[in-house]
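What TrEMBL says about this one:
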DOMAIN    10-111  domain 'Ig-like'
DOMAIN    226-308  domain 'Ig-like'
DOMAIN    314-393  domain 'Ig-like'
DOMAIN    403-487  domain 'Ig-like'
DOMAIN    493-585  domain 'Ig-like'
TRANSMEM  595-616  transmembrane segment
REGION    653-713  region 'Disordered'
COMPBIAS  662-676  compositional bias 'Basic and acidic residues'
COMPBIAS  693-703  compositional bias 'Basic and acidic residues'
Amino acid sequence: MYFSWERHLPTASGSELYTQDKVFTFNTVEIKVEPSFKVRNGAPMSIICHADISKSADFQLKYNFTIFKDRRLVFMTVSDTGDARYEVPVAKSSDTGDYQCTVKADKKTGSSDPVHVWVTGMTKPTLTADKRDVLEGEVVKLRCELPEEEPPLQFCFRKIKTNSTPRETCVPEPYTNFSVLEVSVEEGDNILQFDCFGRRNVKLEWEDSAHSNKTLVTVREPFIKPTLTTVPSSNVTEGDQIQFECSTVVVRMHDIEIILQKNKSILNSVQDKKLLRYSTVATLEDSGEYLCKVEQGGASKTTKLNVVVSELFPKPTLVASMTKLDKNKELILNCSINGFQKANFSIIRKNANGDIPLKNSQTLKMRVNVNDTGSYTCKAEVKGIVKESKPVRINVYAPVSKPTLSVAGGLPEVVLGKPLQLICHSVMGTPPKTFRFYKGDDVEKIVINDTYATFLDENIRLNDQRGYRCDARNNHSSGVKTSDILNVTVVVPVRDASLGSVPYGEVEDGSEIAFLCSVKEGSLPILFRFFKKTDNEVLLFEKIEHRDRAMWHKETMKRQDTGTYYCVASNRANVDVRSQPITISVILAAWKKGVVAALVLITIAGAGALALWWFLRKKKKAKGPSMEMSGSALAANLTSEKLARQPNDGDYYSGSGYIEDSENHMKSTDENKGPDLESAEVEYTEVEVSTLDPHRDSMENRHSRISGHPDAT
């Protein structure tokens, strides 16, 4: 980058010559710090900005210098030279930062790289306290300030006690150069000293200031440490009256409180008094540590006392003649104290809704019932001291009833391949009960439950003849009760259904047909259902059979019965097995074919006779009697010619071959009848009709096999 001034000079030819001068450019702009980049707090510091410039000639420039600290403007000046100085007479920690210089000359600008300057050390903070004379429990407010430093800062306060390590508390202050801390005066704080110091973070390093002045605070007690005593002071025995006394001396009575505690439980308390009393009848549970606490405002002082209470007599013991016994048996409960006879005894039954006293005696005899099952204890009283024994559990058992064994589904059967779930149920008897399941003589499962148990047999075989049974027992002396044997039927699902018919494939209109549906396997009885396949499946016939097949006779088949048929077989396994479909076509009966053929022949013969009559009559009118003779001869010749042509005639219809469209064929013949009669020449066709035997045809169909059926004969 450069800048120049142009000057125009005349020439001999009258033109002007352009010359260039006053061209300059910035080479570098840099910052220097004196005495160094690390300056001690309080020392003088100079920030020097130097611009290195190249010129085309010796001419004067005006330089505008701007110095920034952490991108904030701190100094500006204009100079005729390439140097500028920013003087800091007394460097402070707040002068620490990144400095950068920018120089402008004419329209050009140059900038230096940033330089970090670190002013080490911080100014000494000042500490003040709002109170110099306080009571225990009161609060002292301290203020530590660094007026010459800039945030963010951290202030650390120290509480100094005689012959102890100072307690330090640090508070961050991101936006102010001072901090305020409230300090509670505790018990034992007699003469306190406080000081503080500041701290800042420079390039991830902490720098601490010197410690402030020390501030002295005098502490006075609002009350003395309490005194805790007992009467009697020693040899306390169960049943003795024991009294606790807790007292103190206070400066002022207002808001004073005395509290007596044992194991964090408050036994008694008084307010605005110097003395607390508490009395009770001593028991073993009263042994332990007692605490007397005096509180006023934030001050608190405590005194502890350990009390030992001697045992007057041990806990009683309850003994039962039996803990597990049968219903209607006799139970004896006896309560006693080891080495001690003079006591008031009572026997109690424990209950969730409250204890039930049974007898104020040392011994109890009773004939038990099932409802007497429960926990029992006894109590003994001496000199007002009551002690209770450990509980004794008594279980009374009623005998189990004979169990019943049943299938979870209800019926005593199971589908082959499916698991069998059995339930053994004993209605009567005291739980818990132990159930055992048997398959034959083998124990399959043992279950402990209250009233019933279940068993899942997943190993079901077709020819397994072993029966099931179960037994039940509890702790009653009567022993085990066994159920009846349960025999379970194994239901085999239906498999491989097939369908056949007689006749198969085709049946004459009006004839009967028999359908046979059979299965390869399946438990009886079996439900057979016959369907015709349509848009909506139509059930035609159903029958339950105690064999592997079922027959359905349909006496009269019609043309609309043509279609696809199938059967479905199922049994108690509830699995439907469907056969492959078969197609049945209903065709025209043989005698109907003969009638149609005869009608066709009659129609053709009538048409031929009429044509011949018309022809002969016309000739007779034209030639008279002579022509009649000729006509007779012609008729004889035609007859002879027809007889001679018979073997070469190709149109032949057998009774069985003339079908499928006899109605259409007859209709076509009638429609063409008129034109044939009006044609000039008539062609004669002689048809030979074979004789039909309806009885023979029917017998052949009846003896035809049931095609496609594996059981057909």
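A Cβ is built for glycine as well, from the same backbone N, Cα and C atoms used for every other residue.
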Taking all residues of the domain 'Ig-like' (314-393) together, what is their mean pLDDT? 91
With helix taken as DSSP H, G or I, strand as E or B and everything else coil, how many residues of the domain 'Ig-like' (403-487) land in each class? 0 helix, 43 strand, 42 coil
Across the domain 'Ig-like' (493-585), DSSP yields 3 helix, 55 strand, 35 coil
Counts of helix, strand and coil residues, the domain 'Ig-like' (314-393), according to DSSP: 3 helix, 46 strand, 31 coil
